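Enquirer: Input: one structure, supplied below.
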């Protein structure tokens with residue numbers, strides 16, 4: 001759970017950084033060194049951040065084709081709109097370690113760049129979605145990420161994934177995903193990277209990296225103990241680099257679901273954590289446990305509510321639900337554990353998971369929950385636009 005929280009905060013820093021890049025690069029204001037420094041500054045604004053988990057790889061154009069490139073004043077290049085920018089970075093937080101790579105284009109990508117990016121993305125998604133029996137190793141799974149590149153006669157000369165610690169080493173064994181990774185099987189709780197890539201010498205580099213968590217995944221009819229991966233990293237993947245006609249409906253569904261999860265984090269962390277004072281808004285609520293709709297995010301409502309006492313055990317079958325404590329404290333009970341939330345903290349409850357919110361004292365809470373959820377809100381509706389403008393980008 002600590003790693004999930006660390007990745008949520010890291011995702012806010014990454015999203016802010018990417019937005020900043022898309023604003024500043026066309027103005028000619030950014031180079032490889034200043035980009036890496038700006039990303040660090042966004043991470044430094046996050047709770048529990050202790051420092052980078054490794055030296056940032058910040059490479060534009062042919063520098064991005066150098067797998068372990070480290071920028072220096074001598075090699076530093078300005079970021080432009082004619083090629084691709086690869087940034088591989090990570091953070092050490094008290095509750096987890098992150099490692100993430102994104103590839104960006106600030107102009108119009110070529111057909112070759114889109115083809116190669118899409119093949120890398122398809123491999124990334126296929127590996128992230130796989131179910132596998134116990135005793136499976138990274139050596140068994142490595143080909144899943146390479147197959148679409150192999151189909152076009154290309155490959156990448158590094159492993160697909162390495163183990164990652166928790167506030168420990170960002171490269172931590174014994175698990176890994178590579179053609180040589182047959183020694184250690186995956187066990188629930190292990191974290192690894194999922195980072196296929198493509199590199200054209202002298203031109204550009206592409207890599208897409210998320211961290212993935214091994215978890216049990218038993219379903220009706222299974223005759224073996226099965227596992228799968230949960231993607232921890234939350235950062236946008238650039239859509240105009242994708243050849244949509246090369247993607248299957250299943251792959252597009254995965255991508256849309258991934259970005260939906262990421263947007264929930266954007267709305268809560270990037271806006272609420274800027275210390276917007278909503279106390280006067282909540283004062284107009286007439287009773288407890290009656291959320292008021294103040295906006296929409298994708299297929300969910302953004303709601304405000306005043307909690308006190310116990311609610312009821314319930315679950316949502318269609319979408320995840322998010323609780324963020326604006327003021328006070330909240331206990332969210334699950335069937336197997338309790339989650340304590342202080343002011344400014346939030347939790348995402350996966351769809352289908354029963355939970356019981358409890359507030360021993362009065363708590364002001366922001367919720368994001370499915371539109372199918374019955375709403376009995378009774379706050380004054382005049383708040384809607386004012387609150388929505390502050391909460392939703």
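Using the three backbone atoms N, Cα and C, a Cβ is placed for every residue, glycine included.
The following feature annotations were taken from TrEMBL:
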DOMAIN    3-216  domain 'Peptidase M24'
DOMAIN    225-261  domain 'Peptidase M24 C-terminal'
DOMAIN    310-363  domain 'Cupin type-2'
Enquirer: Could you pull out which residues elsewhere in the chain have a CB under 8 Å from any CB of the domain 'Peptidase M24 C-terminal' (225-261), counting only those six or more residues past its ends?
Expert: 3-4, 7-8, 10-11, 14-15, 18, 98, 100, 102-105, 109, 113-115, 117-119, 121-122, 125-134, 136, 186, 188, 191, 194, 208-219, 298-299, 320, 348
Enquirer: Using DSSP, how many residues of the domain 'Cupin type-2' (310-363) fall into helix, strand and coil, respectively?
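Expert: In the domain 'Cupin type-2' (310-363), the DSSP-based counts are 0 helix, 31 strand, 23 coil.
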Enquirer: Just give the helix, strand and coil counts over the domain 'Peptidase M24 C-terminal' (225-261), going by DSSP.
Expert: 19 helix, 6 strand, 12 coil
